[in-house]
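Heads up, the thing below is written out as structure tokens.
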């Protein structure tokens, strides 16, 4: 219903965009008359007009006309009217739904150019490093022609290289890289270490893949924590010995396992323990559940692959390997134990953010995709994005055939191979879509047996994917592919002309970034030849019926099915699509499979005879709708819980930035001293009269914070009737605050003797940053632990989310109090020494990036750093960075595990190696409580 309501104004929006395109057309003739120099000069003219008060909306028609003409001169591609409409929709902050092959990449050039004129940076987000690099080079040719700087963020880049790229007018990169840079910037200890410069405007390519499919998985930067790998191995041994339905049950729909009483008794017998569920053995329950999930719910070559002794997750939506991403809560270790590979330690979260909350940081957000209407409600509810369906440039004439349902998978695949063989014989290109690596390799073996030449495109061969897709539309081409979402390269009948031309030029050593002039000259001479060759072959393919898309299984999301179908019939080409299904398909087994099987049994059809029935189509649509709704609820639930963390994260990150940018933190430090001493005094004076106060305990506690210079006896004067005069709480507090300020001034003088003027300011910054980071890490650890068990509150008739919000708030306030207390203790007591500043060598702009940055001053800022003043080393707080792991929902197969520094969090004293997470946590708490002042003298 919400989707229908959201589409009510869609027609009006399309008419409005059509008027924009018509106006741009009237200006295009004038732009075509300009020389190259005059066209390039328009950029400076637009910037001046912006500075004089004009708005981007006012400049849109002229800027679009200029960018359109530049694209024609540089790429030999002139954006169609529908692409101009799409560009306008993007500028207005909408999701432009443009069918596959309508030119989304070129569409993005227009709003990117317009918004880059403001000088605040434009981020174009793609699904993998290959597309980011390709688009920055390919579309970047247009922007550089118009005098704009273009940068690209790739996984292996250093901070200096990233800073250059972010300082460009337009920056390409993946959602992971943008998100991780944001998190790293909020872990930086110097303004010089920051790489991003704000979040002004983002265009998200394949917006449904990034903002919907991947939104369940947060971006996480983590460091190693100790784990007990022997228990993973032990339960990996037990799991195969346990029988399904006897020892445990499995719910495929909810992806959960439940252990029966017989299963508990079996495990207790095997381990030689009396009660699996007693407190001492409670961590073992998690090991058991993970081992059973690894056995029943995580399948090799479908959910993950094993390569070079490492378990690598396969993206369920795209079939790509997510190198560097690991399941959390011990699940990845359980799979490693199951596969008998090295078990790597569980990680502790150091910084995290969901993609929903990262992209909500942008002042303006827009996106492009071929399939968004099914998710319009979610895009509006979470991101406040409207979806505008842009008309196709030419009418769609693809024929979508009804589904064929077979009784067995074997019969289905025999029919698939027969159908493909028939198409291959007449020269019709075929794209076969599968839902897993395992299925694609099975089909490849069947084609090999039938001697049908084919290409395989799945998670194991991502490096060649663009090349495979570029030729998938040629005569007789047979391509087997896992889900095609986000592939980013058009399947063009006769071959992708742009890709093939680029391939030829690169083979001759030409590159659009390294040798731009030679590349442009060769491009214009080579392109017509490739077009001629491809057009002849395209005519033969059209005669054979165009691209035939064959799906071997329905995906749980209708949108993914539509994306596969959308590969055929681009730009008015003929095409055909059909899905082959069986009762053994996962979607069928999860929903209504028994009903369909009963129907086929009653019909008494042979296995190799399919059925086509409306009831089946309805059942499939119903199943997909249920799964989509479940996934939406999961994403909403993730967002609800992360919203609690998001509010806290905003407070902490704002405080960090204030510390980084603040010239003088003296007042903040003194305020902390006052707050902590006030809390100590309040804790000691809340109960009873003055004679009941334990001032000895108070002075002992204060002595752990700062060198107390007065004695409490001096604050009281004995008289004849009592031991001491009535000392009020305010008098006591005033005396201690004056003493603390005296001690702080003395500490400042002491440090200036050691490290010169300004030493105390430097120490304040170092201490506050380190304490904020340490306490935030501990808080994330505590919040993770809270979330693990919060669902059990429902058994007590309490709303888990409300409980999480309430307890999370209490924990956050306690963390802020602890942050102040720890900072004061360090400021007064940490040992310091002066160390000479390291001489920073000039940093050259890396080879291959020089062409991406046109501004000499921006590059010079990276090449040479100013000499730093003498540094102040505070012993005990400037710890070496642990080895960091970056995990997130990337679709790219390139390396994502990046290490920075060395070392790991220390295990609390008294905790044996291999202790469980719960044991480490409790020990840390005990140790933390032992270091605190007496309860009677601390404010609670």
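Note that Cβ sites are derived from N, Cα and C of the backbone, with glycine treated the same way.
TrEMBL: automatically predicted annotations, no manual curation.
Under the heading ATP binding site, TrEMBL lists 83, 101, 102, 103, 104, 105, 490. Under the heading compositional bias 'Polar residues', TrEMBL lists 882-901. Here TrEMBL flags 916-925 as compositional bias 'Basic and acidic residues'. The feature domain 'SecA family profile' is assigned by TrEMBL to 1-612. Annotated domain 'Helicase ATP-binding' per TrEMBL: 85-243, in sequence order. According to TrEMBL, the feature domain 'Helicase C-terminal' maps to 416-617. Summarising the annotation, TrEMBL assigns region 'Disordered' to 864-940.
A 10 Å cutoff on Cβ-Cβ distances gives residue 101 (ATP binding site) a total of 21 other Cβ atoms nearby, all chains included. A simple Cβ count within 10 Å picks out one of the binding-site residues 83, 105 as the most packed, and that one is 83. Binding of ATP is attributed in the record to 83, 101, 102, 103, 104, 105, 490, and the widest Cα separation among these residues amounts to 16 Å. The ATP site, placed at the center of the C-beta atoms of 83, 101, 102, 103, 104, 105, 490, has further neighbours from the same chain whose C-beta lies within 8 angstroms: 98, 100, 106, 107. Cβ neighbours of residue 102 (ATP binding site) (same chain, under 8 Å, six or more residues apart in sequence): 82, 83, 86, 370, 390, 392, 393, 570, 571. Non-local neighbourhood of residue 490 (ATP binding site): 100, 101, 469, 496, 570, each in the same chain, at least six residues away, with C-beta under 8 Å from its C-beta. For residue 104 (ATP binding site), the number of other Cβ atoms no farther than 10 Å from its own Cβ, over all displayed protein chains, is 26. Taken together, the residues of the domain 'Helicase C-terminal' (416-617) have an average pLDDT of 81. In the three-state DSSP classification, residue 104 (ATP binding site) falls within a helix. Every protein chain shown contributes to the tally, and the Cβ of residue 103 (ATP binding site) ends up with 19 other Cβ atoms within 10 Å.
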